[in-house]
Amino acid sequence: MASSDLEAATALKVQGNKAFGQHEWPTAVDFYTQAIAKYDREPSFFSNRAQAHIKLEAYGFAIADATKALELDPAYTKAYWRRALANTAILNYKDALRDFKVVAKREPNNRDAKVKLADCEKLVRRMEFEKAIEVGDPPSAFEDLDIDAIAVDDSYDGVRLEKEMTQEFIDDMIERFKNGKKIHRKYAFQIVKAVKDIVYAEPTMVEIGVDQGTKLTVCGDTHGQFFDLLEIFRLNGYPSEKHAYLFNGDFVDRGSWSTEIALLLYAYKWLRPNGIFLNRGNHETDDMNKVYGFEGECKAKYNERMFKVFSESFSALPLATLIGNKYLVLHGGLFSDDNTSLDDIRKLDRHNQRQPGQQGLMMEMLWTDPQTEPGRGPSKRGVGLQFGPDVTKRFCEKNGLEAIIRSHEVRMEGYEVEHDGRCITVFSAPKYCDTTENKGAFINVGPELKLDFQVFEAVPHPDIKPMAYAQNSIMSMM
């Protein structure tokens, strides 16, 4: 290629770097991709695009780009670093460890590399230990937990919770959380136990309508961004007898108020079981919670048992909600097999499989993503797969649906309508992780089943960083 191609490509890389510095990750990816199209022999173009993919949680793409950079220049240490980060994000700790070792060996004075290497070694040891002691059917986390015997001191300055949830308790809980206070662990245990029992009895696919004089609001990922959740309620109304909410998974992890969101949504679910609906997301799972902050947050704010009971409640959550026989709402997306139908979801016994694993219907419902190309493709995340507009069309036509509504991915405008209107993504965590300049969105659905998209901006929150409770330093790099 002519030197002019390299010069033009380098100029595009500079524009990509500028967009990256402004937290405009999709724009950065576009510029790096244009640079590669001009000149595909420069490893930094691929390595920089890998870093932008990491910010977009496209970890599979990041691994592929970092690997390409190393094919072009095996001495390009930065690519090992980025591939290690991406592998850590999708829990491929052993692959990450190999790359962290390379970085630490090549840069012996790099203190950060030594810390990340040590953290990754701990993750590998923990994974191997947990696998060694794993039992097929563990006892309930509520076994031997005598909630009634837990005493609440007279000094507790909040509203007391008796045997049933009240609006008064919820109102007080919201104010406590806003002011950096907790509720008593007894009340937290009560809430989780009550909701675990409620959702366990619900079908794997909950089927609901929207009655005259009422509305339903569908929210996407909230990821521990408690103050942005309150902004949704401020703008759109709090849950009530006439106003139901459906939260489409990923209530927890990343944001540092995950226990607050989970307890608030659970409290509303207990108060109005038919007015709050909760789908499971890929972050309502043990593997993700142990890496992305929720386990550490439970331990820091309550205790280890609190995480275990939450984990058990997460495994009981429904996987999908069908609205008016027109919209299938699920966290990730569609399936590897065109023959999969709504009846297959109905028949899925989620209670026999507490965690989604690496394959199968539950994993696909929690992890897959849409793509613009027809057919199916490998996952940009490195987990699951991607499905094209033809896949969505066939599924909707076969099952009599107007569209699927999913979450699972940042959208810069808060939502996106794709696949000829048949695939809708809604994401409700604006300024995601305090680094992405995205808006949040939610969808209001009335009795006529028309979709009304609402967009909102992030609001200020106390100075606690995302991932503050993650139990290793690696994830702070994401």
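Glycine residues also receive a Cβ, built from the backbone N, Cα and C atoms like all the rest.
Going through His331, His351, His461 against Swiss-Prot, the one listed in the Mn(2+) 2 site together with Asp250, Asn282, His408 turns out to be His331. Long-range Cβ contacts of the repeat 'TPR 3' (78-110) within its own chain (Cβ-Cβ under 8 Å, at least 6 residues beyond either end) map to 43-44, 46-47, 50-51, 53-54, 57, 59-60, 62-63, 66-67, 69-70, 116-117, 120-121, 123-124, 127, 287, 291, 381-383, 474-475, 477-478. For His223 (Mn(2+) 1 binding site), the same-chain residues lying six or more positions away in sequence with a CB closer than 8 A to its CB are Asp250, Phe251, Val252, Asp253, Arg254, Gly255, Ser258, His283, Ala429, Tyr432, Cys433. Residues near His331 (Mn(2+) 2 binding site) in space but far in sequence (CB under 8 A, at least 6 apart, same chain), listed by position: Asn248, Gly249, Asp250, Asn279, Arg280, Gly281, Asn282, Leu319, Met365, Leu366, Arg406, Ser407, His408. Just so you know, the Cβ of Asp221 (Mn(2+) 1 binding site) picks up 29 other Cβ atoms within 10 Å once every protein chain is counted. On the 0 to 100 pLDDT scale, the repeat 'TPR 2' (43-76) averages 98 in this prediction. A Cβ within 8 Å of the Cβ centre of Asp221, His223, Asp250, the residues given for Mn(2+) 1, is found for these other residues of the same chain: Gly220, Thr222, Gly224, Gly249, Phe251, Val252, Asp253, Arg254, Gly255, Gly281, His283, Ser407, Phe427, Ser428, Ala429.
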